[in-house]
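Read through the structure below, which is laid out as structure tokens, and then see the notes.
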Amino acid sequence: MALFAPHRELGLVNATDGVPVVVRRRGTESYASVSARDGFYILDCKKLTLAMRSERLGGRPTAITALATRKDWTFCATGRVVRCVKRTRELCALVGTREFRALRTFGHHLIAIDVDGAVTAWDVDDDAMKLRVRGGDAGGEMGDGAGSASGSESERESALGARRMDAPRAFQANSVCHPDGYVDILLFGGEDGRLALVDVRAGTTVREFKGWGSRVTALENSPATDFVAVGLEDGRVLLVNLLEDSVLFTVTPDHGLKITALAFRTDDQDDVLCIGDESGRVTVWDLEKRSLRTVISQCHEGPVVALKFLDSQPVMLSSGVDNSIKEWIFDRDDGEARLLRFRAGHSKPPMCVSFYGAGKKLLSAGNDRTLRMFHMYRDQQSIELSQKNVGKRAKRIGVNEEELKLPPVTSIASNDLREKDWANVVTAHEGSTKAYTWRLAKGAIGEHVLQCPKEDGNYEIKTTAISACGNYAFVGAANGAVHRFNLQSGLHRGALQRVIDAEEAPRKKKKNGNEGYNFPGGKRSFWALANQVGGNSDGKLQIGAHDGEVTCIQPHCANRSIVTAGVDGFVRVWKFSELKLDMEIDVGCSVRCGYLHEDGLIAVGCGDKHVRVFDTMTGKRVRTYVPRGNLDDAGDVKSVQISAHGRWVLSLDTKGSVRVYDIPAARLLQHMELGAEKVVAMHLSPRMDFLATVHEGHVGVFLWVNQPMFAFKPPKVAYGRKVSIGLPKKHAQLDGDDLDVDGSNDDRAIVDEDEVYVHPLEDEEAAEEHTIEELENIFKEMSTAKKQIEPGMITLANIPETQIDLLLNLETVKERQKLKKEEKEPARAPFFLPTTAASDDVRRSIFDTSREAELNETSTTANGKGDDDAPKSRILRQGTDLAGAMATPLLALIRKGEEKGDYLEALEYLRNATPSTCDGEIRSLGPWDHKFMSEDDVKTLMSAIKFFTQTIKSGMYYELVNALLTVFLNAHTTAIMQSPELVEECHHLRSALHSTYSRIDDLFNEVQCALSFHTGQFGV
């Protein structure tokens, strides 16, 4: 098992692959379905808050290429498969022949356009979807040339199969819309600029329109009947009259860029048309005056993917490829739009990540030149830290916002102790000689800019740090200087400087390649240096903290010391108050990164790809970790971190591999490949519950949960092994090889097809919002339902717990209920009755029925009578014909269920029976004496074992079936062990028990982890 398992991704608002947002109305509210790469989000348009998120489609990473919605169903195109998701759960799939690039729902039809321009339609009404879900239909996979279903000629298959739409010759569709007032007719746009009206019900072309010499890139229906807007690749937008096959007027923007999105205002207050292009700009045109009204410059960074006006509202929803969704409102008198609300993440992959405070927030920065804060639990609290009216300045001078933003961040330091008082975040930027402060409480850049004084101010800032008290910031420059600043005032408060002898200065500088340093009277002589860095009469020189770039600054948690490291191969410990050198540790090679733990241990990543741990109190080396295998195959160490409990060292190399080392055991715990893409940066939370990583090519921040912390029992970790971890399934799911829940693999499944329980939360006519009382009633109804909510779902019998206990302990209860009768002197029997004398006293003779039976048997033999003439006993003995001919009610129901493939009647009989009846029925399933077991007994036990196997798999009346199985095994284990056939069948029963319990155990562990996560109680 891996030490870390994927948890979730932060900061992904809208996938950057250009899938349009789909807006639908449910009741009085509007919801937007947004692609999230291998799943989708559903956002409430009222506040752009997350309503729900789907599971991973297909159980593996599959990129979504198109979205469509109908009622509670969301249809997602992934390759040539359209996955049908009800609310958030995938239930079935529709299969085509080519990859799909556009989807649209029209009435009860789902229209799909593939990459070849072919149009396919499916019936997705409620009845058809229920048939697909029950039957596991794949939607009728089409052949290469036919438009029929996959070969079946039945009525059901023809209703569920795909239908190919006839199109004009050489027509390749790429877009679609529905003109108002046209029944069962859709308008398709083609690659060659032509338009075609197609009757969806008949599958034939009604009318064809000539093209305009350019590819159609966008289609939008207008509020006016017979009119549609057509966007072309050459930048033109035409308002076309479909009835007369004419162009009312043409909008020709001056940019000539491809049109990517169109939207008409639908509130009947103003007739405007919004046009989005591939530059990210949105132009608003007045249809009455046929003139340009306003321009929303830089609506998105990159092409505008979708524009949608909310029904009867002056609010427009826009999405782009910059990982953002925005709402614009047209409420000004001049007709201009203003930004109402938005949700955004990094538009380009982040390069730095760091936990903030106690670990509920994260700071990340990347190539999009932004610094963002993400909340782990409340996405609506995630913000971008402002850089002082960059948008207004960019709009005023007519440049892109990104050009006025600060360079990309290379180092982040934070401290939440003084969050409300002054700036508490310091960042270093690529190629910048200044460090910038940020006030997280205000979500904006701070008042002060930190720059090293004198000549040190000409070198790039490489690393930053904030003291434990939150009052001071430390910055390290490329020339080896380390300076301290006061965060409240922004003033310089000293520098870390070494004192060396003047004779050592040339040697020190020569080590760094500064030739001619001691040339007499030269600019780089040590006499000139003495004037600059503070020489004294004792022949001592004060120089920077390191000879070369500073790679690590780590203040002590109690402000006792400051630890620095550089490419010169030294780790130096400085006194915090005096800023004087206290200790120097020679590492032996350049130091690339470092991390100081509160107990005084510092881990450094070295240039020789080793990770070394030193004790800053004694200056001794504690551990040295070398990557396994060929050292040339490993990457250079990029970052290191010591866990909060001080037992782990985490390292990240330039090839994206994460290694975890055990400090006490001095060994490699695990070598992990987190995801398919390379890890760029990582940070472990202060509580050690999550590991945050950012990956190459991804705009989100990934969270990985610490499995040993949340595990119910100590996990079995693959020590020292290389583990590749991919994204997991969202919930514990069934294994199709071990569990048959719908009866497709076995005829003995317990599924009642005539009665399917649908809880009110999934009813299409149910209200969208429920009160607490309504929800309690719904959950109560679900918990007391006699039918399974879903095949294979664990369902309890809802019988008193005392009945289960009585069934398991019936023998013990009977023994306790026996009355202890006082011993009485037995009555004397008459002389003519058989008696048996007591061993201690002949006069104490008792009546003995066994003697009578022996006498009768002897008398019968003496008279010459055979067994057939002997009197029959009323007690049935094993092996007689009468005993084999009798069948108990339970056995009869089991045999009936085995023939029908449905054991529901047998289960209902046991559920309604008393514990004594159940015990008697279970014990009667086998032989009365295992020494005289017959072939019929073996068949009876075989039927009983199959009964328990299938009922365990189905999950029906789970606690009752397990109790009955316990009684059955206690009563018949000896008989079962005598038959190899029964033993083999018991192996199947054991597999069913293991798979079912493992599934429940996984769900229980998931719930326990969630409760521990939200309550702050980790571990057991």
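Backbone N, Cα and C atoms are what each Cβ position is placed from, and that goes for glycine too.
Caution: TrEMBL annotation is automatic and unverified by curators.
TrEMBL lists 37-331 with the feature domain 'WDR36/Utp21 N-terminal'. Across the domain 'WDR36/Utp21 N-terminal' (37-331), the model assigns an average pLDDT of 87.
Annotation source TrEMBL lists region 'Disordered' at 135-159 (among others).
Per TrEMBL, compositional bias 'Gly residues' is recorded for 136-148.
Look at TrEMBL and you will find 297-328 (among others) tagged as repeat 'WD'. Per DSSP, the repeat 'WD' (297-328) is made up of 0 helix, 17 strand, 15 coil.
The repeat 'WD' annotation in TrEMBL covers 543-584 (among others). Across the repeat 'WD' (543-584), DSSP assigns 0 helix, 23 strand, 19 coil.
Residues or ranges marked as domain 'WDR36/Utp21 C-terminal' in TrEMBL: 787-1013.
Residues or ranges marked as region 'Disordered' in TrEMBL: 849-872 (among others).
Within its own chain, the repeat 'WD' (543-584) has Cβ neighbours under 8 Å at 456, 462-469, 472, 474-482, 484, 494-500, 505, 508-509, 511-512, 529, 533, 590-596, 598, 602, 604, 607, 614, 616, 619, counting only residues six or more beyond its boundaries.
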